[in-house]
Each structure stands twice: as structure tokens, then as C-alpha cells.
Amino acid sequence: MKINEIKDLLQADSIDPAILAELAKDDRKGVQKLLVSYQRRQEKLAKQKEEFLGRFSYEKDFWAKGQLVGGVDEVGRGPLAGPVVAAAVILPEDFSLLEVNDSKKLSPQKRLALYPKILQEAVAVGVGVMDNKVIDQINIYEADRLAMKQAVEALSTRPDVLLVDAMNVPVDLPQLELIKGDAKSNSIAAASIVAKVFRDSLMDDYARLYPDYAFDHNAGYGTKDHLEALRKYGPTPIHRLTFSPVSEMVGLKKAD
């Protein structure tokens, strides 16, 4: 077998052990190098699977009781502009997207790739959005909670219990609050991905409305280019006027 053919063969996730045994006898350096690379990839995949299954430890306790579990997370607490977005996701027990993890650990491209897969494989997905005006009226913490409530109530299937990332959702459901829950629960991690991609899409839309603020790059966070635009043009209608330094600029001309 030619080395290029062996290279293509070793791209598979699972290979007949008999074939691997035969390749191990091949003394060509190129073949042995490919085998080493394959083994490393397999070890990495095994570790990824182990960690993925470990992030279902909370869900498994409830699944064993026949309960549906909803993971809840939010994104957008810290930005100076735009809404806070929450998502609630109910995953099936056979969910197997190994790359699902805390959205902050994933590249934008990976989040975008996982987003439609989560929507397709989840039992139910709900999204909640609280805009900057609500945030200014009731504060970011309470707006967070309302967005989470809206997300849970938007689920087409009612969960029996919620796993929430360090918050309490104002709904009549049993809840388990997990510190850094998006790194401990796949349900919360899936919700974090949905919320992040959904909010980023909204901020891309706002970037077209207010091109001077580069919302498609900074997502409303206080980056250097964002702060420079604020000083030059003043706040837009989507800025959080109670957030510093926007609050100090309220007297400036607002962008139309």
C-alpha cells in the first residue's frame, strides 16, 4: 500500500486492529510516522470523550430518575452596548457532540459550526433577550435573570430540573446552581454556545446600523476602538447609559 493511501486510511476515527497490526510491521519511516500521529490523535480523542462524559455527571443523576434536564446560561453582562442574551437547552441522553464545551474555550468558527448541530439535536432550545433599556431600568443582574426566565419559558418542552451557571432563574422549577457551570455541564455549555452565537449575530446587525463602533468585532465590549468611537460620536440607542464610561458621556451628542 502506498504511503498516501495509508495516510488516507488513518484519517478514520476507528480502524480494524488487524490493519494497524500489519502497518506496525511496515518498516518505512513514513508509515511509522503516520502511525505515531494516528496514536496521538486517538489518545487525544479518548481524553476528549472522557472529559465530555464527565461533563454529564450532573445530568446523569437526574436522567436516572427519568427527568428532563435544562441547561441555562447567559452572555453579555459586561458589554457597554447591546442586550444580554440567555439560552436554555434540553439535551437528549444520547447527545454526542464531543466538541461542545464552555463557549469561551471555543473559537468563533467552532461555535458557529456547533450552533446548528445543537439546535438540530437538542430536545428543545429557548432564547431570552433583554435589551439595554431594560438593563438600565432594572440593573444587569435582574435583566440577566429575566432573560433566563424568558429562555426557559420559550422551551417547547418543559424540563423537570434546571442546571444554571451560578444564577437562580425566577421560574417554578427545581434548580441546581453551578459555579463555572459551563465548564462542568454539557447542558449549560450548549446553552452558552447558543446564547453567544445568537448575541454575536445581533451585534453584527447593529454593526451595520452603527458602523463607526465596530460592534461586529467588539460585541459591545469596551475595546480601544469602541471607546474612541464613544468619545467621538457619543452613545448610540443601544448603549447602556448606566454603565461607565457611557454614563459619563450621556451629555454628549447621541448617535442617530
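Glycine residues also receive a Cβ, built from the backbone N, Cα and C atoms like all the rest.
Since we're looking at a predicted model, the values are computed, not measured.
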Among Asp160, Asp165, Asp172, Asp200 - the residue Swiss-Prot places in the same divalent metal cation site as Asp73, Glu74: Asp165
Sequence-distant neighbours of Glu74 (divalent metal cation binding site) in its chain (C-beta under 8 A, six or more apart): Val84, Val85, Ala86, Ala87, Asp144, Ala147, Met148, Asp165, Met167, Ala195
Other CB atoms within 10 A, centred on Asp73 (divalent metal cation binding site): 31
